[in-house]
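Here is what TrEMBL records for this protein:
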ACT_SITE  Tyr174  active site, proton donor/acceptor
ACT_SITE  Lys202  active site, schiff-base intermediate with substrate
BINDING   Val245  pyruvate binding site
SIGNAL    1-16  signal peptide
Amino acid sequence: MAFSTGLTASLRHALAALHWAAPRQCRGLSTPQGSEPSLNLGGIFPPLTTPFSPTQEVDYAQLEGNLRRYASIPFRGLVVLGSNGEYPYLASRERVEVVSCVRRALPRERLLLAGSGCESTQATIELTVSMAEAGADVALVVTPCYYRGAMTTAALVHHYTEVGDASPIPVVLYSVPANTGLDLPMEAVITLAQHPNIIGIKDSGGDITRMGLMVHKTRQEDFQVLAGSASFLLASYAVGASGGVCALANVLGDPLCQLDHLCRKGQWQEARELQHRLIEPNTAVTRRFGIPGLKKAMEWFGYYGGPCRAPLAPLSPAQVEELRSTFSANGWL
């Protein structure tokens with residue numbers, strides 16, 4: 001798919017003019033003093049799991065069922081096709097269909113962020129355009145990493161600039177070094193924050209010093225920093241993050257929204273107590289047991305988890321018991 005610079009710029013500006021305004025719930029914590037972001041990302045976003053049937057086909061009925069249950073939780077929006085959505089295991093057709101399904105079920109005032117990062121710039125642009133056509137409000141673009149040794153600051157800036165130029169919807173950078181082995185360099189983030197169509201970053205690395213510096217160095221830009229984990233959500237807010245994309249929100253959505261609320265109100269003692277109870281369950285459904293653990297925990301809280309796609313394997317009975325104990329010990333079961 002080929003795009004001329006003039007055409008994509010015109011398309012982007014036209015869509016930006018028509019794009020609905022985000023509700024002004026609260027100024028994002030990483031927003032420059034006295035200004036409002038063009039699209040407010042402040043709040044909690046669960047990175048949805050992709051439900052599969054016993055034969056490992058995408059189960060759209062179960063996806064819709066989970067969305068109905070999430071509708072009562074005050075999320076800012078949803079992330080589809082992130083790491084927890086088993087994005088690398090879905091065919092391109094399935095990726096677009098999942099986004100379309102979620103958009104149909106999602107209230108218009110809630111944002112839909114859709115993963116569209118591919119290894120090549122051209123493929124990323126094509127999928128980003130498809131996600132916009134399917135109803136995504138924002139493209140979440142993970143760092144290309146297969147040739148990570150060649151992914152210099154210059155290469156990554158060029159990649160994301162091309163994507164930002166061509167995308168008909170705003171772009172959020174996505175750095176998840178645990179999966180890619182690549183941290184998006186600080187210099188690249190600072191440069192890309194100046195792009196008019198790149199509005200933020202989801203940082204899952206857990207380096208609070210880095211996140212605080214990101215907020216500080218981009219404070220004059222229309223750019224927001226999102227924490228990529230529930231384990232360091234409070235600390236991220238303390239250094240100016242706007243919101244969080246947290247796997248644990250698939251399971252404990254209300255408590256995470258409550259933590260967001262407490263931080264925004266400056267009720268730090270209550271926030272700290274709640275944060276402490278979320279660290280071990282979050283670690284269990286991310287670093288320790290991964291997506292199989294997350295899907296198993298969802299079932300205990302009334303959601304459909306179901307199987308993962310191979311080669312991701314289900315938990316053993318001993319692992320299930322350890323996972324359950326972690327939630328119980330922190331008062332969630």
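Using N, Cα and C of the backbone, Cβ positions are placed for all residues, glycine too.
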Task = Please report how many Å separate the Cα atom of Lys202 (active site, schiff-base intermediate with substrate) from that of Val245 (pyruvate binding site), as a whole number.
result = 7
Task = Have a look around the residue listed as 'active site, proton donor/acceptor' and count the other CB atoms within 10 A of its CB, chains all included.
result = 28
Query = Could you tell me the C-alpha distance between Tyr174 (active site, proton donor/acceptor) and the residue listed as 'pyruvate binding site' in angstrom, no decimals?
reply = 11
Query = Which of these recorded positions has the least crowded Cβ, counting other Cβ atoms within 10 Å: Lys202, Val245?
reply = Lys202
